[in-house]
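Data block below; observations after.
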Amino acid sequence: MNKRIILTGFRGSGKTTVGEMLSERTGLPFYDTDEMVEAECRMPIPEIFSKEGEDAFRRAESKVIRELNLEPCIVSTGGGLILNPENVMNLRRDSLVFLLNVSPELAGMRISGSERPSLTGKSVGEEAAGLISRRMPYYRMASDFCIDAGLAPEEICDRIGGIMNYGPCTVEERTKAAGFFKNSPMSEEMRERTLSRIGLAGAVPFCAIAGNPCLHSKSPQLYSALFARYGIDSHYTYMQADDIRTIVEVMKTAGMKGLSVTIPFKEDVMECLDETDIHSQRIGAVNTVLNSCGRLYGTNTDWIGIREPLRASEGNTAVVFGAGGAARAAVYALMDLGKEVTVINRTAGRGLALAEHFGCSFSSPEDFRPEETEIVVNATSLGMGGKGSPMAEDQLRYHMTVFDLVYTPPETPLLKMAKKAGCKCIPGTEMFIYQAAEQFRQLFGIIPDTGEIREVIQR
């Protein structure tokens, strides 16, 4: 084994027992971060909590994680450690992370009578149920494989050993998934690399961009750079097909980690998922799929890509041109920032439906009032390829912030005119940068530096 094996999960999931057993089987050293924290603070964990509080415990926990051995070893981690993205970043380097997935009932039964203080003041069972529910999204992001903690420790070790030595897929599953990629449009170099990663032993499951078309996407280059930056042994490829259901089935068969979903599948993919979050439900689209613990989870990070570049923008009145999926994400983002939003669309029916869905205003292009508008978001395709604009040059005002979600070319006709008019201009590449950062967090539990993402996509 040439990687660290990280065990994560809630208290009572058996991390220490399994870790010690794996250490005996493999001969690798075993580290328990709770024991390391006690050594760092020179007192038992209950005493740390009572004398110095949870914050002091978390600081000590992060310190021991930063200083952990990077050589192959077995590490049992504290149950709340994954809430800090910096901890996840430090744990993921040159490692495989296994989630020992414990039910609230089993966790409560195993930890009853523990000296560890309650974090919530509730009974053991109630606290376990509440904390597991809160932490599960973080466990899913931070882990590569999920194993039922209700199994016997020997069987859990067998499964971890099988993944490390033989991979997570059967021969039949590898063969079936390979059939898709052998016939998918991509370069021969990318095809060979992708085929080699299906069910690869001792590796982080791979991801893909799913769309039709999607070969123009810069996501594979971006993810390759981020994998290298954070020491994650994974791969990112293309999955172009006529039907999103085919792609999702291959994803499950190959045991893939996740998907970045693009046009035209962002709405249709929702029917293929086990669970979607409140953001994707409100927007009506998913662009990120995570495969964890035998279930598929969907979220939408496009709205984050719109919200973050606009977060520091002054002004309260905003207009969104368009009524499609990008417009829905834009309206959702602006309303999250507390802006007064008006949808402008040439087709009144679609524009009105969007405005009614979010409880905002609608206007026809003819009734647009530039003097009263402080933020403009172009969520139409006008400007793509350097042609067209949703606004005329004489409608632009120097006080406006203009965000064009079109990013090919980087400086669209609208942005050229807005720059000339003295507006604050935000190119569509900024949306890609911030949505990609959030998407990487959703898939791997790490918050990447947006400057690094910007540098990669501008190469």
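In case you wondered, yes, glycine gets a Cβ from its N, Cα and C as well.
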TrEMBL annotation, NADP(+) site containing Gly322, Ala323, Gly324, Gly325, Ala326, Asn345, Arg346, Thr347, Ala348, Gly349, Arg350, Leu405 - matching residue among Gly294, Gly298, Gly428, Gly445: Gly428
Candidate from Gln240, Gln435, Gln442 that TrEMBL assigns to the same shikimate site as Ser217, Lys218, Ser219, Thr262, Asn287, Asp302, Tyr407: Gln435
Spatial neighbours, same chain, of Arg350 (NADP(+) binding site) - Cβ under 8 Å, 6+ residues apart: Ala323, Gly324
Longest CA-CA distance among Gly322, Ala323, Gly324, Gly325, Ala326, Asn345, Arg346, Thr347, Ala348, Gly349, Arg350, Leu405, Gly428, per record bound to NADP(+), angstrom: 27
Lowest local Cβ density (other Cβ within 10 Å) among binding-site residues: Ala326, Ala348: Ala348
Lowest local Cβ density (other Cβ within 10 Å) among binding-site residues: Thr262, Asn287, Gln435: Thr262
Least buried by Cβ count (within 10 Å) of the recorded positions Lys266, Arg346: Arg346
Residue pair Ser219 (shikimate binding site), Arg346 (NADP(+) binding site) - Cα distance, angstrom, rounded: 32
Cα proximity to Asp302 (shikimate binding site), best match among binding-site residues Gly322, Ala348, Gly428: Gly428
Spatial neighbours of Tyr407 (shikimate binding site) that are distant in sequence (at least 6 apart) but have CB under 8 A: Pro427, Gly428, Thr429, Met431, Phe432
